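Taken from Swiss-Prot as is:
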DISULFID  Cys43-Cys57  disulfide bond
DISULFID  Cys50-Cys61  disulfide bond
DISULFID  Cys56-Cys68  disulfide bond
SIGNAL    1-17  signal peptide
Amino acid sequence: VLIIAVLFLTACQLTTAETYSRGRQKHRARRSTDKNSKWTRECTDSGGACNSHDQCCNEFCSTATRTCI
């Protein structure tokens, strides 16, 4: 009887946790989509200063010269 009670309580906790996380995930996804629709991507043309590839319009940043190529 004790084993059945433990299994039942574990199943209830897992079901509650799964339902709760699904609700939060949908809310986060909607919020993230709203933010992304407001943002515009700004990029640096070739020859401009950069620190990472995603800053360059052509998505290539030279690590040696720290410029977009």
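Here, residue 1 is simply the first one shown, and the rest follow in order.
Cβ coordinates come from backbone N, Cα and C, glycine included.
Among the disulfide-bonded residues listed here, namely Cys50, Cys56, Cys61, Cys68, Cys56 has its C-alpha nearest to that of Cys43 (disulfide bond). Residue density at Cys57 (disulfide bond): 13 other Cβ atoms are found within 10 A of its Cβ, drawing on all protein chains shown.
In three-state terms derived from DSSP, Cys68 (disulfide bond) belongs to an extended strand segment.
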